[in-house]
Amino acid sequence: MREILHIQGGQCGNQIGSKFWEVVCDEHGIDPTGRYMGTSDVQLERVNVYYNEASCGRFVPRAVLMDLEPGTMDAVRTGPYGQIFRPDNFVFGQSGAGNNWAKGHYTEGAELIDSVLDVVRKEAENCDCLQGFQVCHSLGGGTGSGMGTLLISKIREEYPDRMMMTFSVFPSPKVSDTVVEPYNATLSVHQLVENADECMVLDNEALYDICFRTLKLTTPSFGDLNHLISATMSGVTCCLRFPGQLNSDLRKLAVNLIPFPRLHFFMVGFAPLTSRGSQQYRSLTVPELTQQMWDSKNMMCAADPRHGRYLTASAMFRGKMSTKEVDEQMINVQNKNSSYFVEWIPNNVKSSVCDIPPRGLSMSSTFVGNSTSIQEMFRRVSEQFTAMFRRKAFLHWYTGEGMDEMEFTEAESNMNDLVSEYQQYQDATADEEADYEEEEAAAE
């Protein structure tokens, strides 16, 4: 019941995804061969959200893994949980997308997409009542961004009423892997605005900062970064997988977080984040979690919530705690920082409580916020995009795959529209509406 189908694409998506499965397997007591080794019935109660139970009693992840080159797939397959996935669900090409969005979306990716969709259909038919899809990908490369958005639009056509949630890794401000990231990211956002329901925005730089500043890791690896992401991913869906006092699911999350359909890009955070050495000295309390969770240093994307205002936010707590205390803390946050919340959406923070904490912690919380300050990320990518596009730099790589310059112009203006929409609601006040109605009346 209420299954989620997980899809990972490209190198980044596959690396995040495989880390995520390690976390979820651990939470449900499933060992690398798919056997249940857990100790508590709670782990099995709703294990079918993410797993299919095979006839021999093994649990198989509802996961589809795709890439345009075999390398990362082989790494996943030989990794710690590589044997747990259904072998048919690995779909890969041989050519690679070479960091080129057009290859992922129009040429190489388009050739592979049908075999991916076959696997997706097969998995969806295995579901009792599919709730939605979660896609892990990055927006800077070629496969995750180009082919990822192609898959999202195809799934949107075929399953229009299912939730589509993405975990999207944006290009970072200072750390760049490839020079054409701004192109790939802008073309992807253009697609995500139209076809996704909720996007959790991540970026490597913010994750590096968390590892470096808070977790005191001197040389953070991608493994450390992906571990942070997977903790958040597990937190977002824990309410579906474990019993709780106040449940939430993908659709409830969307209804509570998205006041306007295009503004569905969220900042995420996780608490408690403690360095490995100091874990045992901490006593976790709800106020402490709440404070850390709302802290701007905890946000997993490089935008500062203090530069904008929250339209809405949602907090998912895990562990044994009193819901009354949770509610008090959330009201407390809103009262103390009222200037950071828009006043024309009253009670705009939703909380949910799930009884089962993650492994190794007595309680934890996951934060998802819809803040207007996320426009900083889009604005930054857009500036880099314009700088290159004005000179038509690197454009031949895209037009050579059959793309039109027009598509670039459209993507650019869509991104700029998104930025101005965020700005418009950041500046809006509650009494503007009244003025507007008076003007209307006067006009009539």
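Positions of Cβ are set from backbone N, Cα and C atoms, glycine also.
Residues or ranges marked as GTP binding site in Swiss-Prot: Q11, E69, S138, G142, T143, G144, N204, N226. Annotated Mg(2+) binding site per Swiss-Prot: E69, in sequence order.
Between the candidate binding-site residues, T143, N204, N226, the densest Cβ environment within 10 Å is the one around T143. Counted over every protein chain shown, other Cβ atoms within 10 Å are most numerous around S138 among the binding-site residues Q11, S138.
Other Cβ atoms within 10 Å of the Cβ of E69 (GTP binding site), summed over all protein chains shown, number 19. Take the CB of G142 (GTP binding site) and look out to 10 A: across all protein chains shown you find 29 other CB atoms.
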